[in-house]
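I have placed the structure first, in the form of structure tokens, so that the comments after it can refer back to it.
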Amino acid sequence: MGNKQTIFTAQQLDSYQDCTYFTRKEILRLFDRYRDLAPQLVPLDYTCQPDVKLPYELIGSMPELKDNPFRQRIAEVFSDDGEGNMTLDDFLDMFSVMSEMAPRDLKAYYAFKIYDFNNDDFLCKSDLEKTLNKLTRNELTEDEVRMVCEKVIDESDLDNDGRLSLEDFQTMIVRAPDFLSTFHIRI
Amino acid sequence: MAMLIATWKHCVYVFSTGLEDEVDTFQEEHERERHRGKRRDGERAKKKKRGNGEGRKRASRAGREEEKLQARREKKGRRKKSSSDQEAEGREGDEADQPTTKSSKAAKTRKNVKNEKTRKVEKEEKEDEADDEERNRKRKKKHGSNKKEENVEDGNTVKEKAGEVKKKKHKKVVETSSEKETSEEEDNEEEDSEEKEVRPETLTPEELEMLKEAVDERKKLIQGLRGKPWAMKKKLVTLRESQEFVDKYEGALGKGKGRKLYAYKVMMTKKWMKFKRDFENFKTACIPWEMKIKEIESHFGSSVASYFIFLRWMYGINMILFCLTFGLVMVPEALMGRPYGTIPRKTVPRAEAPSAMDFAVLWDFGGYAQYSVLFYGYYNNQRAIGWLKFRMPLSYFLVGVGTVAYSYMVVIRTMARNANESGVGDDNSFNFSWKMFTSWDYLIGNPETADNKFASITTIFKEAILEEQESRKDDNIHLTRFLRVLANFLVLCCLAGSGYLIYFVVRRSQKFALDGLENHTWWERNEVNMVMSLLGMFCPMLFDVISALENYHPRVALQWQLGRIFALFLGNLYTFIIALMDEINLKREEENIVKFNITTWEASHYNISASENSTSPPVTIQPADVPRGPCWETMVGQEFVRLIISDTMTTYITLLIGDFLRAVLVRFLNYCWCWDLEAGFPSYSEFDVSGNVLGLIFNQGMIWMGAFYAPCLPALNLLRLHVSMYLQCWAVMCCNVPQERVFKASGSNNFYMAMLLVILFLSTLPAIYTIVTIPPSFDCGPFSGKKRMFDVIQETLESDFPAWFSKVFSSASNPGLVLPFILLMQNEENKKKNKLAALKAQMDLEEARKAASPSAEHQKNNNASPDQEADEEEDRGRSQRMYHSKNGRSPPPHRHYGQLPATRAPVPRNYPHGNQGSAGYLPSFPRENEARMHRVPSLQRH
């Protein structure tokens with residue numbers, strides 16, 4: 001089979017398989033995808049761990065992400081520097097979490113981070129408003145947005161502090177029928 | 001090597017946090033990260049300053065030692081700081097260190113390299129290593145009660161060990177040191193002094209146990225690593241460290257005498273893991289159409305893709321069914337059975353011979369196709385064929401049963417799995433939250449679909465807001481009601497009409513068949529199938545129009561629509577079957593006449609031959625000339641095959657005309673048309689997920705129904721699905737537009753499955769009915785000459801097994817015994833499953849109140865008090881669990897009986913059946929019917 005690949009050492013591939021939900025083939029395919037974004041930047045040899053980062057502009061232009069209203073958040077959450085510039089490791093990490101195989105808890109954790117726009121570890125009203133506006137492309141009136149956000153907090157805020165903590169979020173999302181099937185990017 | 005070095009950077013950090021995290025929730029991880037970040041920022045400035053002195057080399061070792069002591073004094077206060085601080089320092093130290101290190105590539109790792117060096121030096125001081133090791137262990141033990149602490153402690157010991165590993169690795173690094181490095185080292189001084197080699201010989205069994213535990217823990221960590229919400233770097237480092245730890249200490253564990261087995265076990269596990277991974281890789285590589293589906297998914301969202309995934313799953317099932325029928329029925333008969341033309345049932349009759357090769361006839365599966373392995377009638381009733389002594393009739397029967405059994409199994413298992421996977425669902429308490437956080441489909445990768453999705457999400461929210469604000473008043477409820485009643489009435493009329501039409505057509509076709517098919521046109525010959533297909537095509541459209549009257553919410557409307565189509569298909573199918581039954585009865589009457597004729601024919605034939613030449617053996621009659629019965633089984637098989645074929649054809653033609661032609665017209669006529677075709681009336685078609693799924697399901701139902709009489713059906717279906725896959729993929733991508741109202745895909749999966757199950761049930765019913773009640777034809781098929789098809793089992797038992805076996809079997813197979821037993825097995829199965837869940841919950845619970853140990857003891861003592869129902873149940877569960885853990889599979893019968901009074905019921909019922917009652921196949925049990933009735937519900941709680 002494709003034993004001739006020299007991009008990674010066998011050991012590296014094994015480690016990646018241990019750290020992600022991907023098989024060997026998928027990792028190589030992801031690498032190809034990654035490299036396709038900027039062939040001039042990404043070397044074909046990863047055995048010596050080159051320090052390569054792709055800027056967010058490139059990551060966000062992937063077909064998988066480019067129509068996603070939350071693409072910037074996704075990139076920010078998974079990138080090491082928090083600004084959406086991704087190394088291959090971050091890239092693999094991102095798609096591993098978004099893959100079918102990832103468990104609900106892990107997905108919920110990252111979903112929370114994605115919806116937490118201001119990184120304060122709580123989903124407060126402004127986060128919810130941003131989420132909603134992104135979802136509907138600002139089609140709702142302000143009153144409607146406010147009302148929906150109030151409803152959401154009303155429903156899910158278990159400790160009554162006016163914002164959603166990770167715990168609240170998990171309790172809510174774990175029971176959602178659609179979460180697993182929609183929080184998922186096939187690569 | 002460079003890569004290895006690079007990963008050292010985080011080692012201290014990781015080891016200080018790694019094991020804690022293992023038991024922590026994501027939450028804690030989260031919190032910690034936050035604090036860490038803040039603190040790190042604070043430390044940064046401080047560290048920068050300190051780094052200045054670095055770069056100076058030590059003259060001698062003695063000097064270094066001195067310095068170290070001093071530094072230790074200075075840094076005592078700092079020692080208490082958290083490991084995260086150390087990590088941060090480490091980083092900063094590295095930054096400043098740069099010029100002194102040799103490996104230029106791994107610039108960041110310098111500090112670690114130095115750490116290693118200094119540690120290496122210290123290593124020489126190790127004298128009381130064993131003592132230290134022991135101290136470690138003891139410390140660990142002390143904290144056993146407090147979980148958290150234990151884990152921290154664990155982390156420390158592990159850290160120390162890792163330190164050793166590192167020491168070894170870096171022996172070759174040139175000694176370059178600095179004040180800073182040494183002072184850094186002081187932080188770790190305490191630990192370093194304890195970092196010694198572990199010599200297995202010096203360890204007591206307890207320590208070994210500890211070590212083993214630690215190793216196991218690491219292994220667990222490695223396995224669960226991918227589920228950790230960490231950055232990849234951290235994961236990689238943790239992985240490496242853990243692996244090294246495991247490697248090293250597994251080796252240590254294996255060295256001692258008597259531990260060879262352990263080493264061997266470890267080695268085998270490793271190999272097994274490797275094999276498993278390779279196999280996993282191979283398996284995913286074997287999944288077909290992954291990329292195709294992915295592409296569709298990104299264009300049309302998850303609901304359309306769910307159809308294709310369903311199609312693929314169906315393909316898999318049919319593949320298995322095909323293998324069964326092909327490998328165990330068709331191939332053996334074709335290879336080992338008597339060849340074509342040797343016996344009447346394998347020969348085209350003389351009358352049909354001239355047209356037997358015509359395409360029109362073959363297309364109808366008459367002629368040579370009819371007298372081939374494709375159909376029931378071809379098979380011979382010879383008990384064993386070929387040099388393998390292959391039991392053909394038995395195999396035929398068992399494959400028929402196996403097909404159905406396998407289908408049931410797969411469908412039910414898939415349903416169960418789906419049910420597990422999907423959330424609790426349908427709870428309305430998080431209505432808005434779910435809408436907000438789960439409505440975006442991350443799979444969407446196509447601007448058009450994204451636009452639709454945005455629009456639909458907006459609508460959903462608006463609707464929800466409206467609903468929330470006030471329960472809308474229907475302005476004219478009477479009109480709506482009237483319209484709905486009217487709509488349902490119309491639909492009922494449609495259904496009845498289509499049912500009657502099919503019945504009418506089938507009856508008419510029987511008349512045609514009696515006249516002889518040759519006298520009729522193509523349409524008249526294929527009327528039944530065509531009418532069924534056309535009905536299946538147009539009625540749903542009609543329903544769609546009718547449902548516009550009803551003014552339901554789209555989702556409710558969809559359900560109604562599905563329900564109606566389901567009813568239509570089912571009605572059609574059953575009308576078809578009923579008509580077919582009529583035909584079977586006709587054929588059987590015909591058969592009786594033929595039978596009578598044959599005896600007279602034979603008699604006359606033999607008379608003639610006897611009178612002509614009494615000495616010679618009877619004149620060989622050409623098998624083609626022998627008169628034969630109508631063979632209703634083949635007829636049924638043919639009907640189904642034709643149905644499938646015409647169904648397939650209609651599907652494809654609809655696809656081509658309805659989707660492709662329409663798309664082409666819309667696309668190209670748009671240039672010269674008076675209104676906008678693309679946006680206006682015809683527009684492009686949408687992919688109708690529900691309709692297609694229903695079509696697929698019914699198609700499968702027909703396969704299940706007809707497969708017994710036409711072994712070629714699974715093969716045909718496989719072909720059909722294969723072509724469908726490509727054709728529909730292509731059609732969807734090239735001529736459909738994404739749906740405007742996008743429905744959620746999840747949940748519907750099990751909805752489809754449920755429909756499939758219903759269809760499976762409904763389609764096996766007629767098949768079973770015919771098998772059980774109607775005697776097989778006398779001159780065709782593997783069961784000819786028997787009274788009933790299932791007699792083949794009896795026959796096999798009597799002739800292929802020793803006498804006692806058939807005796808035992810016949811007594812054991814009496815329904816009074818079998819049914820309760822099956823019920824019990826299921827009960828047991830459920831219990832096992834539930835018990836696992838219960839066990840898990842129990843563990844959680846116990847952990848939650850871990851301190852309250854008396855309760856456990858209390859439970860243990862409960863064995864003595866049988867009147868406490870619940871506790872008793874628990875205990876039983878536990879004992880059984882232990883049993884399972886020891887034994888893997890299900891317990892042997894008597895054990896099983898001992899645990900469950902419930903299983904004792906059937907035996908008394910068996911006595912009236914008589915003579916075999918005393919046989920030794922089951923121990924006799926006290927009669928406890930009452931207890932059973934009482935028991936069963938309580939068992940099910942688990």
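Using the three backbone atoms N, Cα and C, a Cβ is placed for every residue, glycine included.
Annotations in TrEMBL come from automatic prediction, not curation.
Within the listed segments B:701-719, B:720-738, TrEMBL records transmembrane segment for the stretch B:701-719. Panel annotation: around the transmembrane segment (B:313-335), residues 288, 373-374, 378-380, 385-386, 388, 390, 392, 395-396, 398-399, 402-403, 406-407, 410, 414, 696, 700, 703, 707, 711-715, 717-718, 721-722, 725 of the same chain, lying at least six beyond its termini, place a Cβ under 8 Å from a Cβ of the stretch. Counting same-chain residues at least six beyond the ends of the transmembrane segment (B:751-772), those with a Cβ under 8 angstroms from any Cβ of the stretch are 310, 400, 404, 407-408, 411-412, 414-415, 418, 566, 570, 573-574, 577, 581, 584, 636, 693-694, 697-698, 700-702, 704-706, 708, 788-790.
When averaged over the domain 'TMC' (B:631-746), pLDDT in the model lands at 83. Away from its own ends, the transmembrane segment (B:701-719) comes close to residues 315, 318-319, 321-322, 324-326, 329-330, 373-376, 396, 399-400, 403-404, 407, 573, 577, 633-634, 636-641, 643-645, 647, 759-760, 762-764, 766-767, 771 of its chain (Cβ-Cβ under 8 Å, at least six residues beyond either end). Below 8 angstroms of C-beta separation, residues 329-330, 333-334, 337, 340, 345-348, 392-393, 396, 517, 522, 525-526, 631, 633-634, 637-638, 641-642, 708-712, 777, 780-782 of the same chain, each at least six residues beyond the ends of the transmembrane segment (B:356-379), sit close to that stretch. Same-chain neighbours of the transmembrane segment (B:394-412): 317, 320-321, 324-325, 328-329, 332, 379, 704, 707-708, 711, 714, 753, 756-757, 760, 764, 767, 771, 782-783, 789-790, 792-793, 795-796, counting only residues six or more beyond its ends whose CB sits under 8 Å from a CB of the stretch.
Taking H, G and I as helix, E and B as strand and the rest as coil, DSSP gives the domain 'TMC' (B:631-746) the counts 82 helix, 4 strand, 30 coil.
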